[in-house]
Amino acid sequence: MSLMAHVRRKLCRGHLLRCTLPLTLLLFLTVGLKHLAIDCNLAHNNDIPMGSCMASYYTALNLSAPGEKNCHRIIQGDTEEARRALLDNLMVKKRRLVATDGDYINATSDCKFFRERRKYITFSLSQVEQDFPIAYSMVIHDNIEMFERLLRAVYTPHNIYCVHVDKKSPESFQQAARAITSCFDNVFVASKLESVVYASWRRVQADLNCMEDLLQSNVQWRYLINTCGTDFPIKTNAEMVKALKSLNGHNSMESEIPPNYKKRRWEYHFELKEDSNKIVQTNTRKKPSPLPVPVFSGNAYIVVTRNFVNSLFVNPTAKKFIMWAKDTYSPDEYMWATLHRFAEMPGHMPAHQKYDTSDINAIARLVKWQSLEGDMNKGAPYIPCTGTHRRQVCVYGTGDLNWMVQQHHFFANKFDPKVDDNAIQCLEEYLRYKTFHPTENVA
């Protein structure tokens, strides 16, 4: 026996606590640190993380934008930094390669690697979010990279996502979309697909197909949000849950008295010309709507309760109205808005004009219409678009971000990586940071 062992044994004789307490403490620290390491290890944790793990999780899952741009300064409104990013975008987009359908088909051959490489958040971040699942109806037809980035931005394991893929889309796009969805238990392609035509009934039917599938899922979601492939969130999932709870069971969408020029869209019978994929007005006037309220104007994007969605399929009057709308022009721009004012629909708002809601006041979608852009000091609702315009709608640029993140909407439309990918990259970085640092004021 060594001299030190002999001395230690002699000191411990008759002093059991003196010797066992340090050993017990050492054992406790060893086991405790081991479990702490496991709790903060993404490979071992599918549970809600402890607050002490959030920093290490963010380090592993951050989506810092590539290049030299400073997204934090851009989001905070640094006009010089935004200008540099816009100039950088002009140079980068000439040589940037957008991910193809084939790239995603290959990348998803190993789903675990795909989820890790693309930094999906595969665990719930709070009990509040876990107890308030959201359903998504995602209608897409092209640009697989934009769809996948949108999915990653809104993905949580407790939500449920239905993806409607246009039947007219190239086979490679459809395969890529199915490949991506196959990597998640709570993401699926709609059971019935439509050949969507702009301004036709089929655009509404695409959402209805997803709604029906979502009602049949095992997830007891509370609200439904519908999106398209050019949307991107400007709120985290936690922020959306907080806002949805504050609705107190009401829906949120644009719903206003329509301008006169829009009324012909539902006053006349329209036909879809299959050879040209265009909607054509006939001389046949339609019978009045079966609803006991006037027709209201809105848009395709809505935030509605589960009970509202269920009533679309079971309320007799709502079903008659849906049938009545099938031969009209762009029914998505008035059907939801009108049903929202029907007293038998859950979460409705009264039909009186005092309850009219503009797209600015609704939370569903932030859109900049070219005709309304201008100097806000002179009464314009928003500043000019810094990207470009498509169908009179702003395709956002980096310079729009500071204004955008100060709005209350859940999503903004439109985005396109071919127009300004820096805008999307900075939003990705901003949202991921806020997700793991919810109490910080980043903007």
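Just so you know, glycine gets a Cβ as well, placed from its N, Cα and C.
Features as listed in Swiss-Prot:
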type     : residues      : note
DISULFID : CYS71-CYS228  : disulfide bond
DISULFID : CYS162-CYS385 : disulfide bond
DISULFID : CYS183-CYS210 : disulfide bond
DISULFID : CYS394-CYS426 : disulfide bond
CARBOHYD : ASN62         : N-linked glycosylation site
CARBOHYD : ASN106        : N-linked glycosylation site
TOPO_DOM : 1-15          : topological domain 'Cytoplasmic'
TOPO_DOM : 34-443        : topological domain 'Lumenal'
TRANSMEM : 16-33         : transmembrane segment
Report summary line: Sequence-ordered list of residues in the chain of CYS426 (disulfide bond) that lie 6 or more positions away and have a Cβ within less than 8 Å of its Cβ, or none, is ALA65, LYS69, CYS71, ILE74, ILE75, ALA85, THR398, LEU401
Query raised in the report: Within 10 Å of the Cβ of CYS162 (disulfide bond), how many other Cβ atoms can be counted across all chains shown?
Result: 27
Report summary line: Minimal Cβ count within 10 Å, across the disulfide-bonded residues CYS71, CYS210, CYS228, CYS385, CYS394, points to CYS385
Query - Whole-number Å value for how far CYS394 (disulfide bond) lies from CYS210 (disulfide bond) (Cα to Cα) - result: 27
Requested in this report: Looking only at C-alpha atoms, tell me how far CYS228 (disulfide bond) is from CYS162 (disulfide bond), rounded to the nearest Å.
Outcome: 12
Query raised in the report: Rounded to an integer, what is the Cα-Cα distance in Å between ASN62 (N-linked glycosylation site) and CYS183 (disulfide bond)?
Result: 21
Report task. Compile a sequence-ordered list of residues in the same chain as CYS183 (disulfide bond), six or more apart from it, whose Cβ lies below 8 A from its Cβ; state 'none' when nothing qualifies. Result -> THR108, CYS111, PHE114, ARG115
Query raised in the report: If one measures from the C-alpha of ASN106 (N-linked glycosylation site) to the C-alpha of CYS385 (disulfide bond), what distance in angstrom results, rounded to a whole number?
Result: 37
Query raised in the report: Where does CYS162 (disulfide bond) sit in DSSP terms: helix, strand, or coil?
Result: strand
Query raised in the report: What three-state secondary structure does DSSP assign to ASN106 (N-linked glycosylation site)?
Result: helix
Report summary line: For CYS385 (disulfide bond) and CYS394 (disulfide bond), the CA-to-CA distance in whole Å is 6
Query raised in the report: Could you state the CA-to-CA distance between CYS394 (disulfide bond) and CYS162 (disulfide bond) to the nearest Å?
Result: 27
Report summary line: ASN62 (N-linked glycosylation site) has its Cβ surrounded, within 10 angstroms, by a count of other Cβ atoms equal to 14
